[in-house]
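Once you've had a glance at the structure underneath, I'll fire off some questions.
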Amino acid sequence: MSIPVNPNSFKGSFLFTSESVGEGHPDKIADQVSDAVLDACLAEDPLSKVACETATKTGMIMVFGEITTKAHLDYQKIIRNAVKDIGYDDSAKGFDYKTCNVLVAIEQQSPDIAQGLHYEKALEELGAGDQGIMFGYATDETPELLPLTLLLAHQLNANMAKARRDGSLPWLRPDTKTQVTIEYEHDGGAVVPKKVKTVVVSAQHSEDITTEELRKEILEKIIKTTIPAKYLDEDTVFHIQPSGLFIIGGPQGDAGLTGRKIIVDTYGGWGAHGGGAFSGKDYSKVDRSAAYLARWIAKSLVTAGLVRRCLVQLSYAIGVAEPLSIFVEDYGTSAEGRTSDQLVEIIRKNFDMRPGVIVQELDLAKPIYFQTAKNGHFTNQEFAWEKPKKLNL
């Protein structure tokens with residue numbers, strides 16, 4: 001059954017805000033390093049079992065966790081290359097891949113957990129790596145079927161990284177943060193973005209630019225080239241570098257940990273979140289693989305025209321292949337008045353939700369994860385879970 005919907009709650013307009021962080025944010029550094037280690041394992045051994053966490057602070061990165069793999073890993077090289085890719089390549093930026101201290105505390109996975117996964121069985125019968133709840137969300141407000149608040153916040157960070165790399169804004173450093181507030185109108189249970197009310201941008205920078213000049217450059221070269229003009233007007237508020245100087249950033253400014261940006265990684269506060277982080281986890285961890293599946297399901301339902309906006313919940317138990325429950329919230333947007341139960345039946349008919357099948361259908365045994373840790377896990381439309389499945393109704 002569906003959550004009871006009050007039709008009066010789907011009237012009028014409202015403001016909603018989402019945030020994002022750039023590649024050089026300390027927590028995002030940790031996510032990317034964890035996924036770089038995961039990719040290195042999967043590149044040599046697709047059956048690797050990885051639970052890799054990362055912590056970083058001034059001049060230091062530590063990776064720790066449980067890994068069972070046949071791959072021969074050079075942790076120093078993997079970690080330093082990830083930091084280099086992010087852009088911390090000089091001590092003047094507050095962090096340098098060449099000189100940072102790299103600590104490794106990796107052990108093998110618990111044999112008790114391995115037993116629960118039933119490795120001796122066929123991949124299709126692989127049990128879930130843990131219990132948990134996972135959510136997927138999709139909305140027809142953008143072609144990507146993502147919330148516009150989050151999409152714009154991600155794009156602002158991505159475009160700052162591009163401007164830093166191509167030299168058009170050479171004073172930029174990797175640590176950036178963005179936040180976008182949009183005024184929406186209800187359209188039944190769907191939501192329609194009307195205009196951007198507020199944009200917040202904070203960007204780490206070198207010492208050779210003034211705050212006044214930085215604000216001008218960010219506004220003209222990043223914000224106005226990223227956000228479509230139709231969403232901006234004379235009332236749009238821009239908070240660019242609201243704290244003033246932002247020279248000390250990255251791990252020198254704040255400690256970073258894997259899994260601290262789970263809302264940035266997913267739907268920017270829309271929908272719901274089961275609480276499990278993604279980065280550093282292989283496909284047997286349903287925190288990740290089933291969340292990708294739930295997104296695939298939600299996006300497929302919207303693409304098929306069955307709903308305009310939906311939230312999908314899945315739940316699993318360790319060692320059990322089939323999900324324990326499936327839930328769909330359509331926010332009152334279901335075409336032809338389909339009930340939640342009917343939508344669940346369509347899901348069961350079209351998707352095999354066992355972890356061992358998910359990995360095959362979504363190509364999750366490949367070393368693809370480093371890129372997912374940048375600017376959201378659902379923004380890159382080349383990933384398999386972003387390509388809607390044609391449904392048999």
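Each Cβ is built from the backbone N, Cα and C atoms, and glycine gets one as well.
From Swiss-Prot, here are the annotated features:
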type: BINDING; residues: Glu19; note: Mg(2+) binding site
type: BINDING; residues: His25, Asp175, Thr176, Lys177, Ser243, Gly244, Leu245, Phe246, Asp254, Arg260, Lys261, Ala277, Lys281, Lys285; note: ATP binding site
type: BINDING; residues: Glu53; note: K(+) binding site
type: BINDING; residues: Glu66, Gln109, Asp254, Lys285; note: L-methionine binding site
Which has the fewest other CB atoms in a 10 Å radius around its CB: Gln109, Thr176, Ser243, the listed binding-site residues?
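Taking Gln109, Thr176, Ser243 as the binding-site residues, the minimal 10 Å Cβ count falls on Ser243.
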Fill in the CA-CA distance, Glu53 (K(+) binding site) to His25 (ATP binding site), as an integer in Å.
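Between the alpha carbons of Glu53 (K(+) binding site) and His25 (ATP binding site) there are 16 Å.
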Which of the three DSSP states, helix, strand or coil, fits Glu66 (L-methionine binding site)?
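Note: Glu66 (L-methionine binding site) is in a strand by DSSP.
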Neighbour count, 10 Å Cβ-Cβ cut-off, for Lys281 (ATP binding site): what number do you get?
27
Quick one: Cα separation, Glu66 (L-methionine binding site) versus Lys261 (ATP binding site), in Å?
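For Glu66 (L-methionine binding site) versus Lys261 (ATP binding site), the Cα atoms are 21 Å apart.
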Please report the three-state DSSP label of Thr176 (ATP binding site).
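Note: Thr176 (ATP binding site) is in a strand by DSSP.
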For a quick check of packing: other C-beta atoms within 10 Å of the C-beta of Glu53 (K(+) binding site), how many?
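For Glu53 (K(+) binding site), the count of other Cβ atoms within 10 Å is 22.
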Please identify, among the binding-site residues Glu19, Gln109, Lys285, the one with the smallest Cα-Cα distance to Thr176 (ATP binding site).
Glu19
